[in-house]
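Copied over from TrEMBL:
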TRANSMEM  29-50  transmembrane segment
TRANSMEM  85-106  transmembrane segment
TRANSMEM  127-146  transmembrane segment
TRANSMEM  158-175  transmembrane segment
TRANSMEM  214-234  transmembrane segment
TRANSMEM  246-267  transmembrane segment
TRANSMEM  279-303  transmembrane segment
TRANSMEM  309-329  transmembrane segment
TRANSMEM  392-418  transmembrane segment
Amino acid sequence: MGAQQEEKTKKMREMSQYAKEQISVHSKMVTYVSMTALITLCPAFVMFLWHTMVNLDGSTTKFYELCKSEGVAGVLKTWPMPTMYALKMILTFAAFEAFLQLFVPGGIHVGPVSPAGNRPVYKNNGFSCYVITLVTYYALYKTGYFNPAIVYDHLGEIYSTLVVGSFLVCCLLYVKGHLAPSSSDWGSSGNLLVDFYWGMELYPRIGTNFDIKVFTNCRFGMMSWAVLAVTYAIKQIELYGKLSDSMTVSVLLMLVYITKFFWWEAGYWNSMDIAHDRAGFYIVWGCLVWVPSVYTSPALYLVNHPVQLGTPLAVIFMAAGLLCIWINYDADLQRQEFRRTDGKKKVWGKIPNKIEATYVTEKGEKKQSLLLVSGWWAMARHFHYAPEISAAFFWTVPALFSHPLPYFYVFFLTILLVDRAERDDKRCQAKYKKFWDQYKKKVPYKIIPHIY
């Protein structure tokens, strides 16, 4: 019992350090208030977004007038409750994606060394699962077995069911983290709010092979983004008999971005979301609910607003969006290849500049990392966020400017990535110390060269 208690105390201390990292960007008061606000307000915002986009032409003014005339309680009564029909659709999709994750062949990818010294192993089959999903969905539509427009027609119920169901999933992960952690990468801060919001486990799994974060982040969240984008395009065809050029640009850019994501999925497993952030409300509920509802919202608005851009404007938006997606991909690939070749891969035809940084692990082991100071990564420390935000703008701008709500995703993404850059800087500063100071002198800007 003494050894078990000592191990539990150690894990609580490790989690406390992790919690301190999350709180260090802002004051404790701001952090706790924001965590509480996000847990309580985000579910309502998801339903507000759906209701306003679908029933009120995307107009926040109409929503305000409706609240004045009906009262907030009256508006809430019009929002759909979770239904068994919606649950069946969600579980069918989830079961299909879980089956693909487990059984579609793929190469082995070994993740980065975790704080506890573990190296998680993944099956790299995301791109195959993505192609199978879209082909299957489209085949069901073309053969008449399933009309994707039904998903749109029941979208309010689906979101409502997701809001509740995903909250329960987060509760189960909280309990699992306390009672049955999958690896030594777990811990408790001793604060229920922090543990629930940031999570208990870094790599929670069911059995040996089913990684929960890969499922929630990639195979449900990102996959549902693609499926819903296609759904909205099909619904617009059903309503108007054709696809508007605005919807075409928006959906195609989204699909290109998501295709890029699954092609690069193994690289994502080295990112903050997987390798650093634990499986709590922030990541899990966000990917299960926020991604399919908020990330798809520009195309949702376009379903009932078939804006005709004209060929010149559509081509400009499409080309600009593709360029941003390519730059985002090339920046990630540049750093990935730099790490894979231990700094030997040329960057833009030249031997890359780098900083050889050393750090000490929680176990007291001395390790080395290479920090890239060439190519895109000589421009800003988190340069890849700039083209990602720009790409989101270009698949939103086909909605033009009748209402601001379609641009909420761009606004949210900007705040998310700026905050993530701050958190990552704090984490790297604590990890690399003087080497990170050297890096900041060589690369002084965080995201936008010469501006920020």
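For all residues, glycine too, the Cβ spot is worked out from N, Cα and C.
Bear in mind that TrEMBL entries carry predicted annotations, made automatically and left uncurated.
Model, not experiment: these values are computed from the prediction.
Taking Cβ pairs closer than 8 Å, the transmembrane segment (279-303) reaches residues 38-39, 42-43, 46, 49-50, 53-54, 58, 152, 155, 159, 162-163, 165-167, 169-170, 173-174, 177, 195-204, 212-213, 216-217, 220-222, 224-225, 228-229, 232-233, 235-236, 239, 244, 246-247, 250-251, 254, 273, 395-396, 398-399, 403, 405-409, 412 in its own chain, all 6 or more past its ends. Counting Cβ pairs closer than 8 Å and at least 6 residues apart in sequence, the transmembrane segment (29-50) and the transmembrane segment (158-175) reach three or more and so form a contact. Annotation: stretch 85-106 has the most Cβ pairs under 8 Å to the transmembrane segment (158-175), among 85-106, 127-146, 246-267, 309-329, 392-418. Tallying C-beta pairs under 8 angstroms between the transmembrane segment (392-418) and each of 85-106, 127-146, 246-267, 309-329 places 246-267 first.
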